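As structure tokens, the structure follows; a few thoughts come after it.
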Amino acid sequence: RGLSTPQGSEPSLNLRGIFPPLTTPFSPTQDVDYAQLEGNLRHYASIPFRGLVVLGSNGEYPYLAPHEKVEVVSCVRRALPRDRLLLAGSGCESTQATIKLTVSMAEAGADVALVVTPCYYRGAMTSAALVHHYTEVGDASPIPVVLYSVPANTGLDLPLEAIITLAQHPNIIGIKDSGGDITRMGLMVHKTRQEDFQVLAGSAGFLLASYAVGASGGVCALANVLGDPLCQLDRLCHEGQWQEACDLQHRLIEPNTAVTRQFGIPGLKKAMEWFGYYGGPCRAPLAPLSPAQVEELRCTFSTNGWL
């Protein structure tokens, strides 16, 4: 059997499907290259994504100036069909700055704000502090809010009890969880099933497992490179073709690890170039891969049948 819709009414904004968290193209002088961004968007237009994520971790979000963040979102919105959702990162360290940037993202054309956990003072980021932060943002945001927990980058897991509380907020519609703890994701789905709240898997490596416990979709770095196969995995799961889905998931695990945990954004951008996209350089201090790392990355894709 395929995946069934969880109990309750249809969500106010359906997040089911695959979202690539776009990389930000830079020129050789490390300026944002809007022409290359538009070129990548033309390639992605033929892939059945539910939408795009701009200014996530893979967009080198912390390295962009505020005016660049707004302009990148505006550029993507102009190129994106209206039936595709645009999720834009707007999380800052302070609640005040987060609200200000969230309003700017809405004005630039974002449909949803993706708000990462503040983490610089992580010792003070108690469940109560995070609930207060996100409640203030949810109250002030002119667009729906998706929570974003990425402990590999922040050192902070948004506590489950905070998520359950925030799921009751009418303007907080979901979470992107990149931690990879399937038990926790299953509990999120279970404990928020009465709310208008959806769980998105934050990586392609555990996408099938996330769907099996009730996740709605995935925001997957690997979709920048292998968008069609990830959309195929989404379809197979929802059609109940579990053996085919499992076989495909297995072939995606090692390439996904390579472009996330192992080689990060420089590896992701290098892999994009092999599949017809513009990857280009990262902003310093992110360094390019060495020739040996490039060869290892290529080997990972080829041994799994992608090159």
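Using the three backbone atoms N, Cα and C, a Cβ is placed for every residue, glycine included.
Lifted from TrEMBL, the feature list:
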- Y148: active site, proton donor/acceptor (ACT_SITE)
- K176: active site, schiff-base intermediate with substrate (ACT_SITE)
- V219: pyruvate binding site (BINDING)
Spatial neighbours, same chain, of V219 (pyruvate binding site) - Cβ under 8 Å, 6+ residues apart: F19, P20, P21, V53, G56, L87, K176, L200, A201, G202
Neighbourhood of Y148 (active site, proton donor/acceptor), C-beta criterion under 8 angstroms, separation at least six: G56, G89, G91, L114, V115, V116, T117, I175, K176, S178
The residue listed as 'active site, schiff-base intermediate with substrate', number of other Cβ atoms within 10 Å: 27
